[in-house]
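As structure tokens, the structure follows; a few thoughts come after it.
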Amino acid sequence: MGNGKEEDYNFVFKVVLIGESGVGKTNLLSRFTRNEFSHDSRTTIGVEFSTRTVLLGTAAVKAQIWDTAGLERYRAITSAYYRGAVGALLVFDLTKHQTYAVVERWLKELYDHAEATIVVMLVGNKSDLSQAREVPTEEARMFAENNGLLFLETSALDSTNVELAFETVLKEIFAKVSKQIQNSPRSNAIALGSAQAGQEPGPGQKRACCINL
């Protein structure tokens, strides 16, 4: 999967990051979108997102990745955060079992606010800290399989599987969209979710319409 031109895209996919504070969501976001990692552990406040345009086959896909940015500490994430999302990475810290123990609650909250067809990946982050592991790989994988989720272990610190995690989610979304396009006379320039539907494309951009998974 390669980088496309930021100003030219065929699809916009909103993907949300969810999970407990301190599991590494912000660093996964910055590693994927900017190839950066911050050792500063201070929690960021306020919802923010970053984008990266990638190529899936011949299609340019603009991934709009949203980060809770600390709001999960106060249980203050609103339905607006989930609105229009077609993908989600549910992240836990594999060195802190308590962050894994609440994964089911996060999944329920996600399904309460997002479309049932949303593509979800369970992500065990901080795989570089293998000596401090508290969550067995097989336990998390089994939970993912039983709940119809994708699963990967990642390290935002050393980049392990970060690209693969986002790439896999985006490909799954793209496969669903492509299947719908085959059965639809609509334009092939499609944005998913109400948040993107109202955006006006800039110079060189392809106008997008809206489709639900």
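Quick reminder: no glycine exception, Cβ is built from N, Cα and C everywhere.
According to Swiss-Prot, the feature motif 'Switch 1' maps to residues 35-49, out of the candidate ranges 35-49, 125-139. Checked against Swiss-Prot, the range among 13-30, 67-84, 157-174 recorded as motif 'Switch 2' is 67-84. When the alpha carbons of ASP128 (GTP binding site) and ASP67 (Mg(2+) binding site) are compared, the span between them is 22 angstrom. Geometry remark: THR26 (Mg(2+) binding site) versus LEU157 (GTP binding site), CA distance 11 Å. Of all the binding-site residues given, namely LYS25, HIS39, the one with the smallest number of surrounding CB atoms inside 10 A is HIS39. Neighbour counts of Cβ atoms within 10 Å were taken for the binding-site residues SER21, THR26, ASN27, ASN125; the minimum is at SER21.
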